[in-house]
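So the structure is just underneath, and the comments pick up after that.
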């Protein structure tokens with residue numbers, strides 16, 4: 001009922017200002033942080049929705065008043081003349097827990113994507129293959145990825161002499177864990193929970209990432225890298 005009254009009021013405001021046949025649509029999720037907006041009558045009963053109308057019984061009337069003014073300004077092309085209203089409180093005094101981005105680093109003489117903990121040479125269906133790589137913050141991959149995943153599980157095909165992707169990070173049987181260290185160091189552990197129906201053969205786990213590199217007084221660069229485990233056999237259970 002609140003939505004109906006709101007739409008009718010805004011529709012009427014447009015019509016009163018010469019804008020006929022306007023379609024008023026309420027995109028509620030755009031302002032879901034305001035919680036419920038009940039009618040004055042519903043508010044008196046104080047059921048769930050009314051009790052969750054946090055700005056009181058006249059919330060709907062306030063919305064209609066403000067949006068009617070906005071509709072009037074749109075219809076008369078006077079939006080630029082509207083008051084900006086008060087600034088939201090406390091914005092100047094907010095504290096953020098976010099820390100500046102830290103360039104990624106690889107330990108010692110190792111490179112991003114190098115294997116820190118290799119898989120076993122053989123697995124059965126029902127076991128978990130696990131590989132640990134020299135990693136980088138996965139946020140840079142999420143921001144820059146275009147045509148691949150964080151990981152793939154690949155099977156070697158004798159007929160083509162090529163590695164074929166059989167699983168990726170969207171598969172139920174794979175897991176991707178990022179372990180953040182200090183001073184930009186981190187590692188990535190990839191697990192493959194091998195299904196009992198997995199065809200026997202030669203497999204490997206492939207990791208894809210992006211690392212953030214920044215030289216002194218130079219803009220940061222995001223560089224792609226990848227690394228693959230040693231091949232291992234999957235045999236029948």
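Glycine is treated like the rest: Cβ placed from N, Cα and C.
Curation does not apply to TrEMBL; its annotations are automatic.
Here is what TrEMBL records for this protein:
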DOMAIN    1-65  domain 'Neutral/alkaline non-lysosomal ceramidase N-terminal'
BINDING   36  Zn(2+) binding site
DOMAIN    67-234  domain 'Neutral/alkaline non-lysosomal ceramidase C-terminal'
For the domain 'Neutral/alkaline non-lysosomal ceramidase N-terminal' (1-65), residues assigned helix / strand / coil by DSSP: 39 helix, 0 strand, 26 coil
Number of Cβ atoms other than its own within 10 Å, given for residue 36 (Zn(2+) binding site): 17
The domain 'Neutral/alkaline non-lysosomal ceramidase C-terminal' (67-234) [mean pLDDT, rounded to integer]: 91
